[in-house]
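What Swiss-Prot lists as domain 'RCK C-terminal 1' is 192-276, and the listing cites sequence analysis. What Swiss-Prot lists as domain 'RCK C-terminal 2' is 279-361, and the listing cites sequence analysis. Residues annotated as transmembrane segment in Swiss-Prot: 4-24, 28-48, 65-85, 95-115, 158-178, 371-391, 403-425, 437-457, 464-484, 493-513, 532-552.
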Amino acid sequence: MSEIALTVSVLALVAVVGLWIGNVKIRGVGFGIGGVLFGGIIVGHFVDQAGVALSSPMLHFIQEFGLILFVYTIGIQVGPGFFASLRVSGLRLNLFAILIVILGGLVTAVLHKLFDIPLPVVLGIFSGAVTNTPALGAGQQILRDLGVPFEVVDQMGMSYAMAYPFGICGILLTMWLVRLFFRINVEKEAQRFEESSGNGHAHLHTINVRVENPNLNQMAIQDVPMLNSDNIVCSRLKRGELLMVPAPGTLIQAGDLLHLVGRPEDLHNAQLVIGQEVATSLSTRGTDLKVERVVVTNEKVLGKKIRDLHVKQRYDVVISRLNRAGVELVASSSASLQFGDILNLVGRQEAIDAVAAELGNAQQKLQQVQMLPVFIGIGLGVLLGSIPLFIPGFPAALKLGLAGGPLIMALILGRIGSIGKLYWFMPPSANLALRELGIVLFLAVVGLKSGGDFVATLTQGEGLSWIAYGIFITAIPLLTVGILARMLAKMNYLTLCGMLAGSMTDPPALAFANNLHATSGAAALSYATVYPLVMFLRIITPQLLAVLFWGLS
């Protein structure tokens with residue numbers, strides 16, 4: 001068997017063993033995709049014992065390409081919501097998550113100085129303790145840029161593997177200790193979250209109001225500031241027994257019933273101006289009006305604003321809602337359309353069909369991956385990651401690297417959505433497949449490289465002390481911030497658990513947090529809010545630590 005064929009076969013074996021280990025769960029918690037690392041260590045140990053030679057250049061390429069795939073697909077997935085998460089609504093969550101990252105870096109620095117831990121080892125312990133694989137890749141790359149020998153850099157993978165198991169367990173233990181310490185009732189926390197999120201930014205509501213303000217009589221809808229804003233959409237108007245789709249120039253009359261869509265606080269303000277809410281139904285059933293969901297797939301409308309389509313004037317159709325990446329938004333006239341957006345249309349069937357044809361509504365296109373934008377994004381990301389940032393007094397230039405560059409570029413492209421006929425939408429199933437493939441390849445190689453000396457390090461070397469250092473790096477930041485967030489900020493427990501999981505970019509911890517309450521989405525929401533920024537910081541932190549430690553030594 002050729003060296004290349006042998007290398008591929010061994011990697012496949014690592015993936016099989018590792019994924020099997022990851023699927024083993026104890027009390028509902030397992031290593032998940034992290035099991036591939038341990039599969040690599042096991043196979044790597046026996047490969048080393050047997051004296052089998054694998055292709056080092058090929059392993060190195062597979063490791064780096066796997067990392068690029070992983071971080072790029074993460075960026076594309078969370079890009080649409082990343083910049084929104086940095087606004088005021090997620091500021092508090094992100095500040096606490098940043099504090100966890102900073103404390104982790106400080107604990108790592110203190111341990112490095114107190115116990116004189118070798119730089120590659122302490123960076124590996126840090127990456128494993130915070131369960132962040134891209135941090136491992138970023139740390140290895142900066143060490144190579146600093147001229148550290150390859151065999152020394154590979155120690156990072158070994159120390160990462162030592163610290164990784166408690167990294168996962170430590171998050172779960174912190175959630176449990178916070179719950180125990182504050183005597184938290186999860187059911188009540190879920191109820192409080194639902195009550196508070198009634199005014200949340202992510203939920204759209206509808207109300208039917210009667211026009212009671214005499215100043216609005218015979219006024220065109222477009223002249224009513226409340227109804228001509230980007231915060232509320234008036235999708236139906238009922239006058240007597242007639243239900244119609246209102247156009248901007250439609251004159252409203254006293255006694256008209258309006259069906260409004262928007263955020264609760266905006267609807268409340270509209271109610272104060274227009275009139276009281278009524279229980280009368282404005283359902284389209286039994287009328288010639290229909291409500292349908294249409295998907296934007298036509299390349300010709302990508303990037304256009306809703307107002308530029310003129311669907312009200314041309315087709316007598318109203319766009320009442322816009323669903324983007326699972327988040328419902330008000331279909332404001334200034335919103336730009338992106339591939340995969342789902343629009344709620346209200347109008348007559350023939351008019352809706354005409355608008356749907358203009359928007360595309362080709363469901364099969366949602367399952368197709370446009371590969372050209374994928375490789376454009378990866379290429380631009382690698383270029384961005386290769387740009388050196390020279391800081392006076394530092395021995396090496398700081399770079400985003402192969403972990404940070406593609407991630408930042410994917411976040412930007414995911415937010416932009418489309419440029420001309422190129423769109424960066426990726427079907428969730430395709431995104432997940434590429435992401436899983438990337439992380440499996442990366443962890444398989446890291447495990448293989450670490451496996452040869454792993455057992456000896458654990459039984460005869462400093463393996464146990466590395467595990468202890470990892471426990472400190474995991475536990476101190478999580479417990480400190482967990483207690484502060486609950487005690488001082490009075491943060492909802494389920495939201496807190498999601499934030500802790502997101503601050504460690506740890507899907508198994510999110511799964512555990514979600515299982516605390518079956519129907520509450522609090523944990524998932526806070527996880528998604530902090531994840532993008534934390535992922536970026538986790539990639540940058542080991543590079544900063546490496547450059548600082550190297551300069552001081």
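Glycine is treated like the rest: Cβ placed from N, Cα and C.
On a predicted model such as this, the values are computed, not experimentally measured, just so you know.
Under the criterion of 3 or more C-beta pairs below 8 Å, with sequence separation of 6 or more, the transmembrane segment (158-178) and the transmembrane segment (4-24) do not qualify as touching, having fewer than 3 such pairs. In this model, the domain 'RCK C-terminal 2' (279-361) carries an average pLDDT of 87. Tertiary neighbourhood of the transmembrane segment (371-391): same-chain residues 68, 72, 76, 397-410, 413, 422-424, 426, 547, selected by CB-CB distance under 8 Å and a gap of 6+ residues from either end. Across the range of the domain 'RCK C-terminal 2' (279-361), the DSSP-based residue counts are 23 helix, 29 strand, 31 coil.
Mapped onto DSSP helix, strand and coil, the domain 'RCK C-terminal 1' (192-276) counts 25 helix, 27 strand, 33 coil.
For the transmembrane segment (403-425), the most Cβ-contacting stretch among 28-48, 65-85, 464-484, 532-552 is 65-85 (pairs under 8 Å). Counting Cβ pairs under 8 Å to the transmembrane segment (464-484), the stretch among 65-85, 95-115, 437-457, 532-552 with the most such contacts is 95-115. The stretches the transmembrane segment (532-552) and the transmembrane segment (65-85) are in mutual contact, each linked to the other by at least three Cβ pairs under 8 Å (pairs 6 or more apart in sequence). When Cβ-Cβ distances below 8 Å are used as the criterion, the transmembrane segment (95-115) is approached by residues 122-123, 125-126, 129-130, 465, 469, 472-473, 476-478, 480-481, 484-485, 489, 491, 499-500, 502-504, 530, 533-534, 537-538, 541, 544-545, 548-549 of the same chain, each at least six residues removed from its ends.
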